[in-house]
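The next block holds one structure in the form of structure tokens; read it before the comments.
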Amino acid sequence: MVASARVQKLVRRYKLAIATALAILLLQGLVVWSFSGLEEDEPGEKGRQRKPRPLDPGEGSKDTDSSAGRRGSAGRRHGRWRGRAESPGVPVAKVVRAVTSRQRASRRVPPAPPPEAPGRQNLSGAAAGEALIGAPGFPQHGDTGSVEGAPQPTDNTFTPKCEIVGKDALSALARASTKQCQQEIANVVCLHQAGNLMPKSVPRHCQLAGKMSPGVQWEEIRAQQPVGGPPVRIAYMLVVHGRAIRQLKRLLKAVYHEQHFFYIHVDKRSNYLYREVVELAQHYENVRVTPWRMVTIWGGASLLRMYLRSMKDLLEIPGWTWDFFINLSATDYPTRTNEELVAFLSKNRDKNFLKSHGRDNSRFIKKQGLDRLFHECDSHMWRLGERQIPAGIVVDGGSDWFVLTRSFVEYVVYTDDPLVAQLRQFYTYTLLPAESFFHTVLENSPACASLVDNNLRVTNWNRKLGCKCQYKHIVDWCGCSPNDFKPQDFLRLQQVSRPTFFARKFESTVNQEVLEILDFHLYGSYPPSTPALKAYWENIYDVADGPGGLSDVLLTAYTAFARLSLRHAATAVSPLATAVCRFEPRGLPSSVHLYFYDDHFQGYLVTQAVQPSAQGPAETLEMWLMPQRSLKLLGHSDQASRLQSLEVGTEWDPKERLFRNFGGLLGPLDEPVAMQRWARGPNLTATVVWIDPTYVVATSYDITVDADTEVTQYKPPLSLPLRPGAWTVRLLQFWEPLGETRFLVLPLTFNRKLPLRKDDASWLHAGPPHNEYMEQSFQGLSGILNLPQAEALEEAARRHTELTGSALEAWTDGELSNFWSVAGLCAIGPSACPSLELCRLTSWSSLSPDPKSELGPVKADGRLR
């Protein structure tokens, strides 16, 4: 009775608050209902809205040698300003100060779609699932992984053929960005709900019970014994993407032999790499490029389709009589010589080498998502619901890097065995199908006894760093990726207990020294006078790609780099030579390269066509822009000495713990991250303060750094646009400085690839409304931080919002010159300017000699290296 009276009293006291809460809930319900349609995002959002994540939370971490980790854990929809505080692989940086995140309602699909309108055609021509049943495992018109590439144009409506009720399917329909993809998803789900998509059972032909897991040991003495019969010949399938042509050439140089065959598939999105590979292949009869290309996304069914089609090609190329199929990526490298590999495979010429996950099948099935239905479209793998594993077979899987015999490849490609046909159908709708398809087919086939549980690779797995759900933007699941090898990992490359012939991953932009060590271990050192052994170049823009791949920030920066360099050329020579060394840029830069030396980023190399101001023919110059160091380490105590570096950038890679935006170029609409590196030492709590160019304190937050923390990083949810100019990030302990760095928010001279107009500049360069970067104001800290009065800076910032044309370029160039310097210029051809050296004679130009990545003619021993 007393409790009831107390409840009534509380209700009377807080009835207004309760009524308000109920009203808010009602309003939220109306908002969610209003978003339940499938209309596209409004164009006024300028493309900055993010798609909602998968719906339910995940489970567990990843199995050995399998890339699937756990179910997508980003199911709850976060607002566009949601920040993160995390320290990959080390204790999490704890954000002590509260920051408010904004949330938007996610869209949903009505649970009962209307019936199909009479006479209306399916967007994909035929139901996606029906077409795939007719030809399982082969690309269909409009598939992401098909030769034709992106989905075909269609009308703006789609009509499900059934009532779609599963939450995964409804979530996928709400998030798919094209109507064709929505139609494909609906078709697949309806077929699955009707029981007409997945095989119920699959025949098993293996006469052995249970899982096959024999191993083969590496014996150095036995490997050197003579081989009975002719040595095996290998078909290497190189699956590549990106722009790292020099690393690909280095790999090909290491594995090449004239007795082997090399078939290269370049992702359809990697046009620069494709052009380079086509040119490379023209010089070697046993190197070919697939005449078709697919978009192969991580975890997608398109990767398996690509492998199956490549295998068929390799079987049908006249004169290519190979014995083993080995797939490699551009981030692989051999760990033993070709002679050792050929000798080993010749002794085991009837074996298929695939790495299995282990003994716990049920755990693997759950973590790999094999009991879930997936479909690939819009360059995304959509989770559509649950399914049953077919009865009658043993399901296996692990790594999607393998060594297969020709006879097994022929069986997979040509057989009409229901085992293969039905498993193709099953794996068409499977996440990471290449990690399980070949394992499962082999383990249930008549050749099951040929399985060896070893894929002859060593992979640099670091679960704490590699399993960060880094692929959740392209797949509704949490995946893992191996880390790059570094010199400290070299002992792992020298496997002695089991045969390993390849290792992954290697990235020259992350660490090239480990490749030098491995290359020396295999083939000996280059002559002492060999140039560029510690240098690495990687193209990031080529004029043949068109400006579409460039952001406004990069377009602004590259053109400004060219102007700065040409002014430098005109002022760096004697007065008598000034006239012939004065140039004007012609058009946009023709190429841009990243330049590294001794595993340190050295800057950008910009190639630009120019016209001499004096009479003379047009020339092409390459310009080296080097970043200027802006870090100051200020602390002297034991705790303060822990700070090693403080950086601000974008494209943070939690696996390798670096910024993939190597030059740190960012603009007003970017969302920067502050990262700190620490030495081991006593625990400490530090305060991070962000200050904009007009001394507005944008934000402040605390981070806790434990004794063994190595890296902390956090992206504050700042309101956009950021004010252009020089920003400062200070790191303090008890308000005493530990360190400070400056970074540039670049004023843009382009917007949507066109010169910036005044009406765009008025908001793009003005900073956030009312100078409020956060809902909470931190301007009260200006006194503690001893910030000066900023009236003059505020007035200058206001005037900058009115700039366009040459005045805007002058402001941009001035800001950029405070953070970048011209380190070199060279001429690609003859130049009238006497101070310009030929690029091929320099040590830094992208046109200078690079013997380690140059292929050359085949040697007498059949090799290139």
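Just so you know, glycine gets a Cβ as well, placed from its N, Cα and C.
Now, the feature entries from Swiss-Prot:
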type	residues	note
BINDING	V239, D267, T296, I297, W298, D400, W401, S481, R504, K505	UDP-alpha-D-xylose binding site
COMPBIAS	53-65	compositional bias 'Basic and acidic residues'
COMPBIAS	73-82	compositional bias 'Basic residues'
DISULFID	C162-C190	disulfide bond
DISULFID	C206-C448	disulfide bond
DISULFID	C467-C480	disulfide bond
DISULFID	C469-C478	disulfide bond
DISULFID	C581-C833	disulfide bond
DISULFID	C826-C839	disulfide bond
CARBOHYD	N122	N-linked glycosylation site
CARBOHYD	N327	N-linked glycosylation site
CARBOHYD	N683	N-linked glycosylation site
REGION	39-155	region 'Disordered'
TOPO_DOM	1-15	topological domain 'Cytoplasmic'
TOPO_DOM	37-865	topological domain 'Lumenal'
| request: Please find, for V239, D267, T296, I297, W298, D400, W401, S481, R504, K505 as listed binding UDP-alpha-D-xylose, the greatest distance between any two Cα atoms, in Å. | output: 19
| remark: So C162 (disulfide bond), by the Cβ count within 10 Å over all chains shown, scores 16
| query | If you count the other Cβ atoms within 10 Å of each Cβ, which of the glycosylation sites N327, N683 comes out on top? | reply | N327
| message | Given the recorded positions C581, N683, C833, find the one whose Cα is closest in space to the Cα of C467 (disulfide bond). | response | N683
| message | Tell me which of the disulfide-bonded residues C478, C480, C826 sits in the most Cβ-dense spot, judged by other Cβ atoms within 10 Å. | response | C478
| said: Out of C206, C467, C581, C833, C839, which of these disulfide-bonded residues shows the lowest number of other CB atoms within 10 Å of its CB? | reply: C206
| task | If we count other C-beta atoms within 10 Å, could you say which of the binding-site residues W298, W401 has the fewest? | result | W298
| query | In terms of DSSP three-state secondary structure, what is the assignment for C839 (disulfide bond)? | reply | helix
| said: Quick check for the class: what is the C-alpha distance, in angstrom and rounded, between C833 (disulfide bond) and C826 (disulfide bond)? | reply: 10
| remark: C478 (disulfide bond) and C839 (disulfide bond), compared by Cα position, are separated in whole Å by 46
| said: Let's check the environment of C190 (disulfide bond): how many other CB atoms sit within 10 Å of its CB? | reply: 21
| message | For each of V239, C448, C469, count the other CB atoms within 10 A of its CB; which of these recorded positions has the top count? | response | V239
| field | Distance [Cα-Cα, Å, rounded] between W298 (UDP-alpha-D-xylose binding site) and C826 (disulfide bond) | value | 40
| field | R504 (UDP-alpha-D-xylose binding site) CB neighbourhood, other CB atoms within 10 A | value | 20
| query | Three-state secondary structure of N327 (N-linked glycosylation site) from DSSP? | reply | strand
